[in-house]
Amino acid sequence: MFAKAERSEVARSNESSDQPIIVQWNGPNDPENPYNWSRKKKWFAVGLGLFATFISMMNGTIITTAHEAIGEDFNVSDENFPHSYWPVASWGLGGALFSLVLLPIMEDFGMRLVFLVVYTVFLCFLIPVGVAPNYATLIITRFFSGGCCTILANAVAGIIGNVFATDRARTIPTGLYIMIYLNASSLGPVIGAAIFQFLPWRWIGYIELIWTGVFFPIFILAMPETRGSAILTARAKKLRKQGKNAYSQKELESKSILHDIWTSIQRPLYMLCTESVVFISTIWTAFSLGVIYVFTQSVEQVFAALYGWNAIEAGYVQAAIVIGEILGFGLCVLTNNWYYASASRNKEAPGTPIPEARLYAAVIGGFIGVTGGMFVYAWTSYSSVHWIGPAIGLMLVGLGTEAVVVSIANYLIDAYSNYAGSAIGATVLGENLGVAFLPLASSSMYTNLGFHWASSLLGFVSLVLAAAPIGVFIWGKEIRARSPFMKSAMSKPMEFAISLSE
């Protein structure tokens with residue numbers, strides 16, 4: 001994009017009126033180009049996006065603490081099946097479908113407009129949580145709120161790519177984004193417990209509606225447009241009002257929204273089915289994130305049986321997961337230095353970090369964090385062991401999940417470059433499906449296998465998945481050589497940074 005922007009709009013406006021004026025940046029230092037914003041302005045935009053992620057992702061788990069009260073009100077029983085989890089399952093399913101269908105619309109209309117419209121719709125679907133007359137209404141409205149939350153939570157990923165041009169500059173914001181994404185999900189039961197301890201369960205919806213509505217004016221007034229193509233399109237529309245035949249490159253190349261949606265659906269699914277790296281990464285991140293949601297079911301079951309805790313107390317103990325996720329972010333920052341140091345060993349592209357070096361934190365987080373944490377959670381689940389024992393297991397799983405998700409996201413961005421959006425889209429789809437369906441097996445698994453072997457089973461699955469990067473370390477070069485998407489990314493290494501703002 002920068003290479004095309006050597007002449008100003010004024011110079012272009014003097015060209016023949018028969019040809020459309022292609023509105024581009026006024027040189028490489030155009031102050032309206034988000035890449036040229038001040039550091040303070042960039043972080044302000046990212047900060048707003050992170051705050052939106054926190055607000056929206058908390059919605060997924062905040063009502064889990066009140067599942068018994070909800071079941072009593074709507075005459076729903078968990079005796080034969082965990083029916084009380086359906087509001088969360090539908091939320092995850094909505095997120096999976098909406099992420100494929102609606103995210104492409106941001107390409108045509110810009111981040112700000114889509115964000116504010118989706119936020120408004122999200123507010124509307126918070127109301128039925130407090131006034132739902134039956135269980136079906138609650139489940140359906142949670143489906144749509146889950147879809148909205150996925151769009152809002154992933155907006156910051158686009159903001160980061162739109163304002164930070166280099167890989168090194170994006171690393172810390174990306175780690176923060178995933179940490180807050182996970183923190184909000186893990187804090188949902190904690191916040192829900194704090195409300196439910198003093199008020200009926202419907203007040204969880206009322207209070208969430210209040211604070212979400214209070215923050216809306218901040219986003220209306222302060223959220224900037226960060227998508228470069230949307231800014232250029234706005235310039236072009238302004239020139240057209242002045243009688244000039246001006247268009248942005250995006251407008252000239254734009255196809256129908258249906259075409260964009262179809263491409264957005266088709267490519268992630270195709271990569272999921274044909275790219276082994278994308279498939280394994282999706283399974284791994286879906287499992288890791290799904291385990292976090294399994295805890296919304298199993299923690300109450302385990303701590304009630306062992307220590308006589310109620311749902312509210314079990315909600316509070318899940319703060320241990322949040323502590324682990326924060327520690328996992330620290331691990332990711334530490335291993336970033338190992339990643340950049342790998343540039344000196346790269347014989348394939350000297351001076352460039354090896355993409356597989358992104359997975360160092362995932363190996364540590366996978367083996368010690370998720371796997372180790374599940375076994376600690378499993379074999380400290382005795383009434384004779386202090387509750388801090390299984391809580392440490394929860395903390396380790398939080399650490400591991402943060403490390404795994406951050407590492408895989410960064411690896412896919414490095415390895416797939418131009419097609420990173422589709423690769424990440426496949427993992428987001430898998431993560432939401434993991435959130436929706438993995439916890440449905442939690443109740444019967446912990447009842448039939450017992451606390452120790454149910455958690456151990458999850459630990460063994462994690463052990464197998466955690467070993468995957470070893471194969472990538474050994475055969476990474478060959479894997480990239482066989483992948484048409486990776487080969488294309490390697491042949492055009494600079495296009496990714498440009499495409500993020502288009």
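Quick reminder: no glycine exception, Cβ is built from N, Cα and C everywhere.
Since this is a predicted model, take the numbers as computed values, not measurements.
According to TrEMBL, the protein has these features:
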COMPBIAS  1-12  compositional bias 'Basic and acidic residues'
REGION    1-27  region 'Disordered'
TRANSMEM  43-64  transmembrane segment
DOMAIN    45-480  domain 'Major facilitator superfamily (MFS) profile'
TRANSMEM  84-106  transmembrane segment
TRANSMEM  113-131  transmembrane segment
TRANSMEM  143-164  transmembrane segment
TRANSMEM  176-197  transmembrane segment
TRANSMEM  203-222  transmembrane segment
TRANSMEM  277-296  transmembrane segment
TRANSMEM  316-339  transmembrane segment
TRANSMEM  359-379  transmembrane segment
TRANSMEM  391-413  transmembrane segment
TRANSMEM  420-441  transmembrane segment
TRANSMEM  453-476  transmembrane segment
Cβ-Cβ under 8 Å with the transmembrane segment (453-476): same-chain residues at least 6 beyond its ends: 277, 280, 283-284, 287-288, 291, 294, 298, 354-356, 359, 362-363, 366-367, 370-371, 374-375, 377-379, 381, 393, 400, 442, 445-446
Model confidence over the domain 'Major facilitator superfamily (MFS) profile' (45-480), averaged pLDDT: 90
Whether the transmembrane segment (113-131) meets the transmembrane segment (43-64): three or more C-beta pairs under 8 angstroms: yes
